[in-house]
Amino acid sequence: TSVDYSFARSGFSNQCERALNEQINVEYNISYVYHAMWAYFNRDNIALAGFAEHFRKESLEERAHAEQLMEYMNLRGGKVELQQLLPPQSEYDRPEKGCALLALELSLSLEKLNKEKLCELHRVAEDAGDAHMCDFIEGELLDSQVQSVRQVSEMVATLLRMGPPADGMATWHFDQTLLE
């Protein structure tokens with residue numbers, strides 16, 4: 001038998017397969033960005049352990065989502081095709097914002113982008129009449145993504161309220177709250 005043929009594939013369109021592979025790539029790229037943020041905040045001259053741990057957890061969560069999508073692809077008889085990862089930036093400090101606000105704003109934009117991409121994935125599944133894939137996206141991914149957008153939004157708002165964006169004391173204090 002050919003390895004290109006799946007016995008499990010049933011009612012799973014090529015469009016859904018392509019869109020799932022794109023979403024897997026989105027999740028891995030976001031995980032890679034968060035991993036770079038972890039490395040940055042974990043440096044001895046940055047020393048913001050709360051931010052480092054936060055971004056390490058975010059990286060692992062996004063990678064787990066990629067793996068969840070890969071498992072779903074295999075369940076449906078699709079073929080996972082990983083793409084090249086884009087290299088993330090490695091420095092996150094800007095004089096007008098400081099490193100923490102810049103990183104959190106980037107995180108918020110990534111979470112919003114991921115939510116938009118999941119909605120696009122849902123539209124592809126809906127257009128293909130794939131009720132199972134729609135249910136999977138709604139039940140396993142969308143709510144947690146909306147919650148992530150809200151959580152990071154609150155983090156940005158809190159840090160801004162604590163003091164000027166580039167204020168080292170506000171950043172340090174916020175970092176301490178992340179360790180709790």
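Yeah, the Cβs are placed from backbone N, Cα and C, and that goes for glycine too.
Listed in TrEMBL:
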- E27, E62, H65, E111, Q145: Fe cation binding site (BINDING)
- 10-163: domain 'Ferritin-like diiron' (DOMAIN)
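Within the set of binding-site residues (E62, Q145), the lowest number of other Cβ atoms found within 10 Å of a Cβ is recorded at Q145. Neighbour density for H65 (Fe cation binding site): within 10 A of its CB lie 23 other CB atoms from the protein chains shown.
Listed in chain order, the residues near the Fe cation site other than E27, E62, H65, E111, Q145 are V26, I30, S31, E61, N114, L118, L141, S144, S148, each with its Cβ within 8 Å of the site Cβ centroid.
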